[in-house]
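Lifted from TrEMBL, the feature list:
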- CYS88, HIS130, HIS134: Fe cation binding site (BINDING)
- GLU131: active site (ACT_SITE)
Amino acid sequence: MALRTICVYPDPVLREETASVTEFDEELKTLVGDMFDTMYANDGIGLAAPQVGVAKRIVVIDYHGDKFVLVNPEVVEAEGSVINEEGCLSFPGIYEKVASPEKLTVVYQDENGVSQRRELDGFCACVFSHEIDHLNGRLLIDRVSPLKRQFLKKKIAKRAAEK
């Protein structure tokens with residue numbers, strides 16, 4: 001497996017429409033393995049394909065040792081709202097308190113194309129929701145107030161200028 005470069009905001013690939021996966025082949029398994037390796041190397045708990053420059057509907061998650069591969073995931077039910085502090089590998093060093101669903105039901109396929117349904121709650125629901133948002137071009141910065149968004153954009157631009 002190989003490490004891939006993580007796309008950092010404002011990279012346009014993070015906003016691209018993602019395509020459904022139709023081929024469950026070795027290429028997919030290689031990408032999934034690369035995504036897990038990249039996520040672990042960057043101390044993440046979840047990673048979406050657009051974050052490594054691939055505009056496909058694929059997410060990997062390792063939640064307390066439980067590994068998940070979500071291909072073509074869709075949220076079929078979300079209820080409640082809870083505030084959690086979230087970070088994102090595409091926004092290094094930035095952590096913000098944002099609302100996410102308290103409970104979530106997700107349908108998806110695993111890396112072999114087998115249909116799955118999972119009901120989640122608590123922070124696990126937050127992780128799944130965050131990663132699935134990436135597949136729809138919705139980012140952490142979109143989930144904060146307009147004033148906070150403006151502040152974060154300036155902070156990110158300043159960091160980029162210093163590099």
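Yeah, the Cβs are placed from backbone N, Cα and C, and that goes for glycine too.
Bear in mind that TrEMBL entries carry predicted annotations, made automatically and left uncurated.
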Sorted by sequence, non-CYS88, HIS130, HIS134 residues with Cβ within 8 Å of centre, Fe cation = GLY46, ALA48, GLN51, GLU86, LEU89, SER90, GLU131, ASP133, LEU139, LEU140
CYS88 (Fe cation binding site) versus the residue listed as 'active site' - Cα distance in angstrom = 9
Near CYS88 (Fe cation binding site), which residues of its own chain have a C-beta under 8 A away, given they sit six or more steps off in sequence?
-> ILE94, HIS130, LEU139, LEU140
Per DSSP (three-state), CYS88 (Fe cation binding site) is strand
